[in-house]
Amino acid sequence: VRFRSCDGSKKIHFGSSEPEDFRVGEDGVVYAERSFQLSAEPTEFVVSAQDQETREEWQMRVKLTPEPAFTGPSEKDQQKIEDIVFPWQQYKHSSPLKRQKRDWVIPPINLPENSRGPFPQELVRIRSDRDKSLSLRYSVTGPGADQPPTGIFIINPISGQLSVTKPLDREQIASFHLRAHAVDVNGNQVENPIDIVINVIDMNDNRPEFLHQVWNGTVPEGSKPGTYVMTVTAIDADDPNAQNGMLRYRILSQAPSSPSPNMFTINNETGDIITVAAGLDREKVQQYTLIIQATDMEGNPTYGLSNTATAVITVTDVNDNPPEFTAMTFYGEVPENRVDVIVANLTVTDKDQPHTPAWNAMYRMTAGDPTGQFTILTDPNSNDGLVTVVKPIDFETNRMFVLTVAAENQVPLAKGIQHPPQSTATVSITVIDVNESPYFVPNPKLVRQEEGLLAGSMLTTFTAQDPDRYMQQTSLRYSKLSDPANWLKIDPVNGQITTTAVLDRESIYVQNNMYNATFLASDNGIPPMSGTGTLQIYLLDINDNAPQVNPKEATTCETLQPNAINITAVDPDIDPNAGPFAFELPDTPASIKRNWTIVRISGDHAQLSLRIRFLEAGIYDVPIVITDSGNPHASSTSVLKVKVCQCDINGDCTDVDRIVGAGLGTGAIIAILLCIIILLILVLMFVVWMKRRDKERQAKQLLIDPEDDVRDNILKYDEEGGGEEDQDYDLSQLQQPDTVEPDAIKPVGIRRLDERPIHAEPQYPVRSAAPHPGDIGDFINEGLKAADNDPTAPPYDSLLVFDYEGSGSTAGSLSSLNSSSSGGEQDYDYLNDWGPRFKKLADMYGGGDD
């Protein structure tokens, strides 16, 4: 048994559940502690493995099954069977050795394969000495008898004659191991079974077979005689220890036969192929084909069987041919100042195998390029050398280059081969002159100048040079390319730069006291070329700026403590025209020095505080005079807006309204006032519009008493018309009198559903668009007469035609209501409680005798 721990470092002790029968060693080997008989059933016990450090334990069940005794013959028995001639056997007992006669007589059995019969063919007769006194029955068992392949050997049960029933094949089964039995007629064993070995004698019935029908090998060209090439192998199914399986090799043919028909030979026993002649040249013969023959019977051509295979030997290339240029001189040209341009194409020839290290060419320049202006690349497809410019060439400096170039392979030449003169060539390169750009000298040009230089002053002269000395060109022309502040101009002929504005160091276009301007110089070549130059003006500071106070606004308390305000002086100038600064208060007005005091706390900072114990809350403008350290000094009076407010014990303002009001600037106050004015205008316009609307309503109701306006009363009851059948009526009847359409434009045939017109419609008066209020009474009277004469108008008491409810209404007409009792019998005082809408009814029916 075997135990493996995960970390491999555990110390394990094995134990057995049956220590009296089985013991487990430290190496896991299980031993039997005593001799005992195993039953047919498996014997089980438990093997435990315990960690000696952690005392952790694992268990495994072991099952032992008895194996059947080995029935085959031992090597010793086989030797006895092969060597026994006389029927004697030696037995070992506890008593001294003695010889006794064997019961069996076994003749030797050797049977050749492929026997032609006749079958069954008798082999040997097996008998026992006891057949004289007993009637015996003989049988054989084993492979070839009662086990597969069955039926090959049979035995006569009476005579014991052993026979073979068909031809044997040694290549399938070389020997048969049978066991012979002798029993009486009752089946009782009379003799112990004995082994019989039948050896099949080999015959030469198999041809040699090569492992591959085509064998491939290689050999370098120029190899010396005796160079190993390859090994071919054939096998024979016959007995390798007999002549039937002993093979011999030979070369039948070689193709091609150049330069010799016997370039190779083969070891007739091992099959090794080697070279026997010199002159292998891949450039002449790239491949050889050999026909190899293998023959058994040790190569006997008369009795041996043979077979053939093909050996293909490829001659590999070695670098035995150097690259050679196709010309001694190559020519090329290149424009000046051009890079990455191929100026010449170098061609070579190489007889070695293409696209191999022995064929790939490498080029190097041995002379003519001391500054490294050129390089030579190799085209991987054509193997040509590409001469390429890698650095700009100046025509005015070098007009021609003569390069010496050598070609070689990626691998060295084979031993004994030298480079011929054709491996070196000359490359003549002509430089073409082109129009080059002018260039400023120096570039950039630095000029130091104090700021404040007035407009029109000459600053400097900035000129360029034309590198084309061999071209006929006129002088250069200058122009301005970049001038962020528009301070400069340049003379187009002589390059003189003058100012067009005052130079200011504090300008936003000046960075770190440096102002940059770019100018352009152009020639008149073909094509025209131009170059740029940068003018750097270093501006020296002068004291042209007075210091200012920062911040512009501050807040303090109205009491003496705490009331300090820290302020800073800001000066765009730099040293020595800036700090330290002097801070002071002006003499006028006198209230400034009376109320305030200022103390400088550093070169750039000062502290403003109240001089008096209390100052009323408000906004105060405090002028402060600040003077810098320049020579001469520059000073200014800056106004600091101080907001004085009421403060708590922590010094925080508590007068929020004042601070908020004080915090509003002029722009904010103007914006608020404009909003208020716009709002007032809108309110005024709305009031005017409402008044005009009321006047229009009053003009329309001059002749109508509000209390008698039946139309108004009915509309306020929210009655929407008749029943469900009266839905399609003329909406024009609901319009005000001034919007009623005349008959001339009223569509014919649009009427209410309950109308039955049989006469022409009467002509109603048309009211003018803007009637005079005095004409309203006449208009109503005329309309009333027209309605009385209209036979199509419904006969209702209401003057408002659009109040007609239709014939389908479930409620009766109000004009026909009659009380069943007199008004005096019913109390209508409750109508006074129903509101102003029922005031008219309350006056008519209520009020007692009145």
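Start at 1 and count along the chain as shown; that gives each residue its number.
Cβ atoms here come from the backbone N, Cα and C positions, even for glycine.
Note that TrEMBL annotation is computational and uncurated.
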Of the ranges 59-80, 807-828, the one TrEMBL annotates as region 'Disordered' is 807-828
Suppose you look only at the domain 'Cadherin' (326-440); what would the mean pLDDT be? 89
Summed over the domain 'Cadherin' (441-549), the DSSP helix, strand and coil counts are 0 helix, 48 strand, 61 coil
Which residue counts does DSSP give the domain 'Cadherin' (103-210) for helix, strand and coil? 4 helix, 52 strand, 52 coil
What DSSP reports for the domain 'Cadherin' (326-440) is 3 helix, 52 strand, 60 coil
